[in-house]
Amino acid sequence: MNPPTNPRACSPLARAGSFAPIHVVGGGLAGTEAAWQIAQAGLPVILSEMRPVRQSPAHHTDQLGELVCSNSFGAAASDRAAGLLKEELRQLGSLVIATADCHAVPAGGALAVDRARFSQALTEAIQNHPRITLRREEVTEIPEGIAVLCTGPLTSDPLAKALQAFTGLEYLSFFDASSPIVTGDSLNRAVVFQASRYDKGEAAYLNCPMTEAEYERFWRALVEAEQAPLKDFEREERKFFEGCLPIEEMARRGKDTLCFGPLKPVGLVDPRTGSRPYAVVQLRQEDKAGQLWNLVGFQTNLKWGEQQRVFRLIPGLEQAEFVRFGVMHRNTFLNSPQLLWPTLQFRRRPTLFAAGQLVGTEGYACAVAGGWLAGQNAARLALGLPLITLPPETMMGSLFQFISSADPRHFQPMPANFGLLPDLEGRKLRNKQERYGRYRDRALAALKTTGLVRQVQTA
């Protein structure tokens, strides 16, 4: 079923003054981008940001688009997933990415910014736009009319409760306990085998069998690995983590604890030996194409480098390519596959949009992409124009297709990665650089067919 446009919307030829303002809630990267796109479409916008009236535990200023973690937007090269996403946004006229480009600082192969100048420039752009009204206020209820929610991982309690009431408690998460995801073509298929326990149902899992010696080596590395520190406000709110124990904490309870938990081998036979392994790590399919696989039960708070080192000790994962590392942190996000269309509209209320980390995307550029799409579509809904869904060959199109169609039982936030894209036609390219270049070329060609690409204006 396709998302509807508003049949009562005004004609696109109507005067901008005849439109009610579209309300954007949240002045982070997604909200700033959404407000800009709506205003650039000729429509009035109210952008509500609660800082400094109410400060979040992670922010330090009242500037829009404040970068609370790293100052890096990820890889700059367009043959990298994060770089391709940013290039798509450049071609689509993103304010945030253009501002990042203007305030870039040397960072090797990444796009990093002077965070103070970057946020100041975004704030000035929004304040100076004649169609944007910036309100410093806390929004405690979901706005009426056409609105875009971009309140991020630290959504304030009153609005979070309103979202709970609107979506249903089970569709809103308050912490992110994610397992790592690896690409299917990086697995050692000579070791990994496909099966379900006791051969019940379809063979839905990939299984990495371990001998006792392999398990002991893995267990010892796991309990000795270095964990990522929690932020102060996360340490104060440990209740968010009680429902999902990190695998390294489980391992510390005893050498064999994992063998009776997520690594239990019961009901599985290693076809190489004809017998039950000592332990088994199971991988669950994340996408329809079978390109992304989740390490079941491996929610973790290990540092990312440690995750790669330790988890590559698992037989079959020696050369595993990680598209997402496990995380455990405070993060309010929606079960988007149950709630949203790829247009970022709520299924039960098409005049309400959401974007940013709230919808279950991960990373700065992904937040900007969500803001761009939600802003564009909110404006189009008001104008009575067809709404946008970008081609699945593009990074943006594949990302929002994923978050609106993934298995809702296991949904966790997802970053941009090439595993989301459809397979390339023709023979499989073994050279990763060549393969990623082909993905880029196909994505940018598909983007041009939409008619949305804007001419880059030189200064």
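Just so it is clear, glycine is given a Cβ too, placed from its N, Cα and C backbone atoms.
Here is what Swiss-Prot records for this protein:
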BINDING   GLY26, GLY27, GLY28, LEU29, ALA30, GLY31  FAD binding site
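Listed in sequence order, the residues VAL24, THR32, GLU33, ALA34, GLU49, LEU64, GLY65, CYS150, THR151, GLY152, GLY356, ALA367, GLY371 complete the 8 Å Cβ shell around the FAD site centroid, once GLY26, GLY27, GLY28, LEU29, ALA30, GLY31 themselves are left out. Counting Cβ atoms from all protein chains shown, GLY27 (FAD binding site) has 29 others lying within 10 Å of its own Cβ. Taking a C-beta cut-off of under 8 angstroms and a sequence separation of 6 or more, GLY28 (FAD binding site) has the following same-chain neighbours: LEU64, GLY65, GLU66, CYS150, GLY152, GLY356, ALA367. Taking Cβ-Cβ distances under 8 Å and a sequence separation of 6 or more, the neighbours of GLY26 (FAD binding site) in its chain are SER48, GLU49, LEU149, CYS150, THR151, GLY152, GLY356.
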